[in-house]
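These notes are about the structure you will find just below.
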Amino acid sequence: MARGTVGAHFLAVFLTFWATVLRDAGGQEPFNDLTGFSLNPPYFNLAEGIKISASATCGQDEAGAPRQDLYCKLVGGPNYGLSNQHIQGQFCDHCNSADPSKAHPATNAIDGTERWWQSPPLSRGSGYNEVNVTLDLGQLFHVAYVLIKFANSPRPDLWVLERSVDNGRTFTPWQFFAHSKRECIERFGKPPNARVLKDDDQLCTTEYSRIIPLENGEIVVSLINGRPGSKNFTYSPVLQQFTKATNIRLRFLRTSTLLGHLISKAQRDPSVTRRYYYSIKDISVGGRCVCHGHAQVCGAGRNQGSPSRLQCECQHNTCGESCDRCCPGFNQEPWRAATADSPNECRPCQCFSHASDCYYDPEVERRGASLDTFGRYSGGGVCVDCQHNTAGVNCERCAEGFFRPYGVPPESHTGCISCSCDDRTASGCEMGSGRCVCRPQFAGENCDRCADGYYLYPQCILRLTTTKSPAGPIVACSCDYRGTVSRVCDASGRCLCREGVDGERCDRCRRGYYSFPNCQGEKKTFLNAYTNESPILNFFCLF
């Protein structure tokens, strides 16, 4: 059966239920998906075609192998099946998973037929009071209600409806069901039959735990109706979170029994305990895809890795399976769910056609440093991986070493031209003119000379002088001025020696030089004497 197909029976139940759920006291329908800016896909029965399992099943042992279990009905004739037995005044039958006519697997509860799932009778052990039935929805959905139809047994006496939002790893209660008000308090710590005050209140009700009817009872659990946020679902993030689920679990804790069977002897009597078990012939789950108000359609086949997985057909420049993020290039503002008053569209970043993606940075927005597509400094979009030799929050300027001539629009892919400056002497060039921006120690139109206070181009060493310092008065140099450059030293007294001069005080010649303070390089004369036999080369140093 196709997952999105809604049968006629379910559709009738669905329409009747939502006519009640979505109507407020004034007779209006505030939870109307067709009004406002919030887009939502239609509801359907999430239980159709999904995975369902039970922790124990009649006609199977603990390992899942077939076995024969005798069970009897509390009252009435053999309405289910044709091969029933009459034992000690009871209408009885057998479960056996090896016999299709006697098998009662969990899948019977969601196949749309009159077949049913059934748990082992308590005659197999009192431990079968505690049985779980788990539905795996396959992905995250908003669940509006759960409808359970029981088969040839009464409704459970004590149980919990639970949900998981992490694919079944953990479960939390949605609603508690108890036979008495006292049990609501003692077993679950909840006030019995209390009014809903908050959107995520977990209720405990005694309404559905009566033993009557003995068969074909129903339980309808509305997760939205009567809650404060039901009148405007899009403005209640708490209710939105409360209704999300990837898995649903029915955790049965105790079967319903006739009061006369509560005595310990009767609990040990198989003729009594074989009449107590759980049975479900239908589970319907009304829900829809979680699209955060950004999609009206949710369908299968869009996810190549999992073709059966449903995915929202996102609008408002949103992306993701559930429209839970902004599409690449649309992160000028943070992602937000749509509301009835605003679609909260994701806005494009202004990257001047030099980048295809961006991210939102709240600090950039706080500084007002991001330009939007309307020319305003609004939002916090930061362009990623600027191309065409551009840089900046919005790829609005040329990268270091490039400039954009006057009159060239910022969107031009060829607008940023390489600077003609030497990287060793310039840090770049000016926008528009292309004039070199000299590094601190250089000057000139092409940074081809030393700046004031520097010498020896192209090294351009800082010229050290004794000047008055804010740190204190002038201190006399300890240098030998005869050996220093320009007869000066720096504010800390460090000496700057002339070429050929050495020493901490510039007071001696460097090796290879002579005659301080002149410190001239050594001069050598080569005198050649020739003989008839061989040339002789003699070296003489002149001092």
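Even glycines carry a Cβ here, placed using N, Cα and C.
Taken from TrEMBL, the feature disulfide bond applies to CYS438-CYS447 (among others). The DSSP secondary structure for CYS447 (disulfide bond) is coil.
Positions annotated as disulfide bond by TrEMBL: CYS477-CYS489 (among others).
All protein chains included, CYS506 (disulfide bond) registers 23 other Cβ atoms within 10 Å of its own Cβ. If you look up TrEMBL, you'll see CYS497-CYS506 (among others) marked as disulfide bond.
Among the features that TrEMBL reports, domain 'Laminin N-terminal' is placed at 35-288. For the domain 'Laminin N-terminal' (35-288), the model's pLDDT averages out at 90.
Residues annotated as domain 'Laminin EGF-like' in TrEMBL: 419-462 (among others). Secondary structure counts, DSSP: the domain 'Laminin EGF-like' (419-462) has 0 helix, 16 strand, 28 coil.
The domain 'Laminin EGF-like' annotation in TrEMBL covers 477-521 (among others).
The feature signal peptide is assigned by TrEMBL to 1-27.
CYS497 (disulfide bond) and CYS438 (disulfide bond) are 28 Å apart (CA-CA, integer value). A separation of roughly 27 Å, to the nearest angstrom, links the Cα atoms of CYS497 (disulfide bond) and CYS447 (disulfide bond). Neighbour density around each Cβ, counted as other Cβ atoms within 10 Å, peaks among the disulfide-bonded residues CYS438, CYS447, CYS497 at CYS447. According to its DSSP assignment, CYS506 (disulfide bond) is coil. On a Cα basis, CYS506 (disulfide bond) lies 32 Å away from CYS447 (disulfide bond). When DSSP labels each residue, the domain 'Laminin EGF-like' (477-521) comes out as 3 helix, 17 strand, 25 coil, counted as helix, strand and coil in that order.
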